[in-house]
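K.L.:
The following feature annotations were taken from Swiss-Prot:
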COMPBIAS  18-35  compositional bias 'Low complexity'
COMPBIAS  38-50  compositional bias 'Polar residues'
COMPBIAS  58-67  compositional bias 'Basic residues'
COMPBIAS  719-731  compositional bias 'Basic and acidic residues'
COMPBIAS  752-762  compositional bias 'Basic and acidic residues'
COMPBIAS  959-975  compositional bias 'Basic residues'
COMPBIAS  988-998  compositional bias 'Low complexity'
COMPBIAS  1417-1435  compositional bias 'Polar residues'
DOMAIN    420-662  domain 'Clu'
MOD_RES   Ser266  phosphoserine
REGION    1-97  region 'Disordered'
REGION    719-762  region 'Disordered'
REGION    952-998  region 'Disordered'
REGION    1407-1435  region 'Disordered'
REPEAT    1096-1129  repeat 'TPR 1'
REPEAT    1222-1255  repeat 'TPR 2'
REPEAT    1257-1290  repeat 'TPR 3'
Amino acid sequence: MALEMDSKNSNSAVTGDAAAATTKTNKAKENNNLAGSKKNQSQNLVNGNGTAADGPATKKKGKKNRNKSPPVSTDEAALSNGHVEEKKPEGDGDADADANANVVAVKDEKAEGGDEADAAELDTEDIDLDALHDAGIHVNISCPGSELLTVQLSSMELVQEIHQLLMDREESCHRTCFSLQLDNVTLDNFAELKTIEQLESGSTIKVVEEPYTMREARIHVRHVRDLLKNLDPADAYNGIECTSLTYLNTITQGDLLDKKKTRPDSVDCTPPDYVTPGVFEPPLLPLHPNFKNAKGPQALKVLTTSAWNPPPGPRKLHGDLMYLYVITMEEKRYHISACSRGFFINQSTDDTFNPKPDNPSYLSHSLIDLLSHISPSFRRAFQAIQKRRTLRHAFERVATPYQVYQWAAPNLEHTVDAIRAEDAFSSKLGYEEHIPGQTRDWNEELQTTRELPRKTLPERLLRERAIFKVHGDFVTAATRGAMAVIDGNVLAINPGEDSKMQMFIWNNIFFSLGFDVRDHYKELGGDYAAYVAPRYDLHGVRVYNAVDVEGLYTLGTVVIDYRGYRVTAQSIIPGILEREQEQSVVYGSIDFGKTVLSHPKYLELLRQAGKHLKILPHSVYNERDEPVELCSSVECKGIIGNDGRHYILDLLRTFPPDVNFLKLQEVKLSTELVEMGFPIEHRHKLCCLRQELLEAFVEDRYVNFIRIAAVHLQQLNAKKPEETQSEEKKQLPAIEEAEKENKENLNVNETPNEKEKDTPVETKNAEAMVNAIREAQSNVATSNEIQAAEVVKQACAAVGSMKEKEFDFRFNPDVFSPGIRHVDGEEGTSGSVAKQKLLVQDAAEFLVVKQIPAFVKEHLSHSSPPIDGQNLTESLHSHGINVRYLGKVIKTLGQMPRMDYLYRIAVMELIVRATKHIYYTYMQSTDPMHLSVAISHFLNCLLTNGPINPVVSNDEMHKKRGGNGGKHNKHKSSKGGKGQQQPAINQNGGSTTSSSSSANAYDWTLVTPRSLWQQIRKESKAYWDWDLDCDSMDSAMNKFGIMRICLLRAFCLKVGIQVLLREYNFDSKHKPTFGDDDIVNVFPVVKHISPRASDAYNFYTTGQAKIQQGLFKEGYELISEALNLLNNVFGAMHQENGSCLRMLARLSYLLGDAQDALAIQQRAVIMSERVNGIDNPSTILEYTHLSLYSFANGHVGMSLKLLYRARYLLVLTCGEDHPEVALIDSNISLILHALGEYELSLRFIEHALKLNLKYFGNKAMHVAVSYHLMARTQSCMGDFRSALNNEKETYSIYKSQLGEKHEKTRDSAECLRLLTQQAVLLQRKMNDIYSNGKLTSDLPPIHITPPSMGSVLEMLNTINGILFVQISQRDIVKVRSEIEKRMKANTDVNEAIKSMVAAANNNGESEVLAPQDNNKEQAATAQQLTNGDKVAVSS
């Protein structure tokens, strides 16, 4: 019943409201889509029931935390969120971090009495959500044949959501064609409940059955089919309908909240063989547990449309709409008529058409009722299906926002399904052929939603929800269209041209292929450049969408990789197809700078966006030698559509070029870079720097700017001017020297201890800087404006600012573009091309010199280690490091034994990417008839040692060599390779030209393991400048410790292959590992923008700041609000919702509510499995969190099962040699120890100790804990000597790290004393046996006390980084005041510098362009302090 409580606005609400806010046509579209789309119905189902299902229902929000709008961050802060669309809310890396993050839970001695000062502080924050929170109303719903149903609804909900609620309930789910009436008045589906005057609490809404139309009858049949196959996982394996898998309830055998606490002696805790330490290649079958029993009972043998359709004219006049054909489980065959009043059996047979009702006739408004009447088997099976359906968690039934594909799938039975067949061959999506205008106008929908008002919080929620809904539909349609294009099912709009130049329009979406059409990219790398251009263009669309300048429009863009092809799908600008491009473009250039146009409106709009994106306005000469001003790259085109909107497209050069990968005569790189092998000539000249790098670079320069300005301000305040001048002469070289040191001081081998020693000094410097600025500020403001201006000028010069008297860092993206003539400004000014080039060079150097070492240094602590290549790529991108630097990163990691796991993951990622390039080349030239054989052959060459013999008959080969192999081969035969992998690579490893590679559709048969490995080696050297120094894949596996199953998983996910779920023997010498039957499917790899929920993000980050200050309850309330807002925007199922749930579960646990933590974390696990994937790294971490909360709730056996699942998935993903495996093994060992399984426990803890020694060193706290756990286990086994030795190691580490007086050291000393006593006692007994041959009775017995569950939980908390400490109220106040003091110091520095600069620049007319807002800086400061406290307490 929880689903019926606390309703929130759903996605249907969005589209309904958006429609109402725009046009009636849109409203009609959404109405039709909602009715016909299973995805929308499912989303509305849980969404409409809101936070009771997904939000923490047990915690109520305090009224003091309410306001009219969420915490607002500045434009810069908003941008910093917008640039990484795939990034989750910051909780993944901050206060929540991961299982290793040490969190200090403060138990306040005053139980519930919060600090009044804190309450006052929160009251001053402008946080109120009265606009979203209402008391709700209780409404009675009367359904025909059912009892009166009472539900609580939000007044903001739409009537449509009551429809979805009823369609999900067991007793009313079979109804689809009905209206809702109040006092005999039919309610409008898109009306908000609060707008209905007669509706009040206690009102009764009546469900009235409506007559069917053709459309409604089809919708009803589709809904019945969905109900019957609700438990069938086939759609999830096939990757359709936005369905996906979850196995949590299979692992736990039901809802964890319904489980009773288990006694330790009743737990079956034996781990499966594949989970115990030492397994080399984990099996594949456990990845999908119990898949054979997932389908559920079969209710019908066949339900399909009849061949007698459509009804002839006379029968239409009798009300017939369509005919169905059914075979029941009793083998009876029925022909069914659908008429306006419902469904009935007619007298037709397979051979005879007789549409009259059968005798006796039975008419039912619901097809389910009719089938239950004629088939007892159907009635029983349907009841069983419904019972199982309602037992499933709500999150298991909701559609995901985007399709998640499985890389392994079982053999699925292919059943008769008319609706599936109809969907496969219909040209539209679902029921869209019935909406006005036939097809959706994607561009109009995308742009209209962006134009919705955004001034108030409800308006912003409606707008963001509408954007998200339309974008999700567009991605689904674009993906389906791209697959249809590559499969040859769409006619080109220019069919007479060469196949690689063909373009397509399907469902109002424009599709183009990743080839260099008309030599457009000839000077930039040809097809290589054409292949990567869509990806860079997508980056540009993403950042301009994030900036969200009103009046500036981008195209809906999706990039799809499928079967070796890259397809770009874009919405269509109104009118662009009616005229030539030369006539359309009013801004930018269509020929890379030969002709350049500008437009005042575009300059105005792009100048606004450029402030956030750090793009420098610049001027270039056009073909008539006239200067033309631009506020973007030359390639960026501005087109005014027929709708009057200003569109920008071709945003591939939004950010400046990466000179480290361009060989340019005018660029002289530093000696350090040259020694590292730069510049490297890349395959294309479109390499650009990432936005994250530019932000980090500007932030670094800003810190230096403040430091230098502070030093000069101190000089201004000196008592004697003469001394000041002489000091200035001394200080200036010192500052420059400090700058030099600052560049070089980032040593990746710096130890944590060294880092801690530096902290107090930095704090003192910061305080001195603040004091100096404060003292100087008054002088600057009154009489020292000239001197202040000089200070700013010197600081700007020292950091290389683009402006002489203002901190300004913006980049010219065209500065190194060939063929563009720049208007050169005065030397030293922002218009100086030389200065612009130097800045871009400095940013590229910053990446290599600072960011790569910073990346490595960050992972030295192993606090949140990457688990697979996807994790690694995300981490690199967050530091602004492009994947083309992977070779350089690998070289750095290879010199560090403590980074061995990351080195292995990076090498595997490089091998997978190199293999992808080669694989795509062969797939393009493969005949469609032989795709499965070709793919299995390629996998055999990549992964196995057995004989490789592709099965293709010689006759067929010779016959096909002469022809083009049909429609598909027409694409492939002329295209050859594309993009990064465009030219095929011949057997000797050399590249051939595009034409020669495409000549043969059977090139794949010539691939051998040896030739493939040689190509991979050449690719790794050519693309990443890294020597893969192994002579075969086998030697590489052994050298780097890579498992074949891990490589198979990574490669399948990377290129979109689905293999059969079975065990593969990679070492077979007699037959190939893969056969053509092992290739189940090929799925698309889709790249798109993820719309964001800005208000939810602001609440989330504010909540994080509270948590970092120790204000857990306030943080919980803010993050709960963030989750509510996310539910409003994204619906119940989204990655960011999962991050919020994980954080809330952790906070509940820290606040002492383990049961609430378990309930919330269970939802987080299901959500992660559904939206990320069942073996995604995030899912693995969610499982480990859930196991801890399960143990805390007394579910000991479940806790072990969850840990076994997490360990299996982790080993399948990256192998056993990983710091995260050490954490899981420590948890497993401790729980097994508590259950008395000492031998098993010892195996796991020995493995954990081995890994901890390797990755943390022999003096680390992790190692001390592992030694202590081993000692405890061995003492329980009676092996006191070994226990004593291990506890001595623990004592030694504690003593050296913490000192003799520390509590942990004293505890270890006491443990040593007890072990020594037991060891002496045991020795006495042994001596007695040896001397007397029997035991004497006077020796006391050896007593081994098993640990209590409380002590085990305490130790589990310690291992997982959670430490509960008792702190007095005075200490809490002291810590908070210290945090506030540091925050204030940071704020004062910024404010003082800004004021001083403003005074120096014409009495405050200019301002410093700081790289980030104060909120972010404060959060960083709080995080820094919290981290320091963590170390101290966890020690």
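Glycine residues also receive a Cβ, built from the backbone N, Cα and C atoms like all the rest.
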K.L.:
Summarise the repeat 'TPR 1' (1096-1129) by DSSP state, stating how many residues are helix, strand and coil.
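P.N.:
Counting residues per DSSP class in the repeat 'TPR 1' (1096-1129), I get 31 helix, 0 strand, 3 coil.
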K.L.:
At a C-beta cut-off of under 8 Å, are there same-chain residues at least 6 beyond the repeat 'TPR 2' (1222-1255) that contact it? List them, or none.
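P.N.:
Same-chain residues near the repeat 'TPR 2' (1222-1255) but 6 or more away: 99-100, 264, 267, 269-271, 276-278, 862, 897-898, 900-901, 1184, 1187-1188, 1191, 1196, 1199-1200, 1203-1204, 1206-1207, 1210, 1216, 1262-1263, 1265-1267, 1269-1270, 1272-1274, 1276-1277, 1346-1347, 1349, 1352, 1355-1356, 1359-1360.
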K.L.:
Below 8 angstroms Cβ to Cβ, which residues of this chain, lying six or more residues outside the repeat 'TPR 3' (1257-1290), approach it?
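P.N.:
Result: 898, 1222, 1226, 1229-1230, 1233, 1236, 1238-1239, 1241-1242, 1245-1246, 1248-1249, 1296-1297, 1308, 1311-1312, 1315-1316, 1318-1319, 1322, 1342, 1344, 1346-1347, 1355, 1358-1359, 1434-1435.
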K.L.:
Across the whole of the repeat 'TPR 3' (1257-1290), what does the mean pLDDT come to? Round it, please.
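P.N.:
Reported value for the repeat 'TPR 3' (1257-1290) is a mean pLDDT of 92.
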K.L.:
Using DSSP, how many residues in the repeat 'TPR 3' (1257-1290) fall into helix, strand and coil?
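P.N.:
Within the repeat 'TPR 3' (1257-1290) the tally stands at 28 helix, 0 strand, 6 coil.
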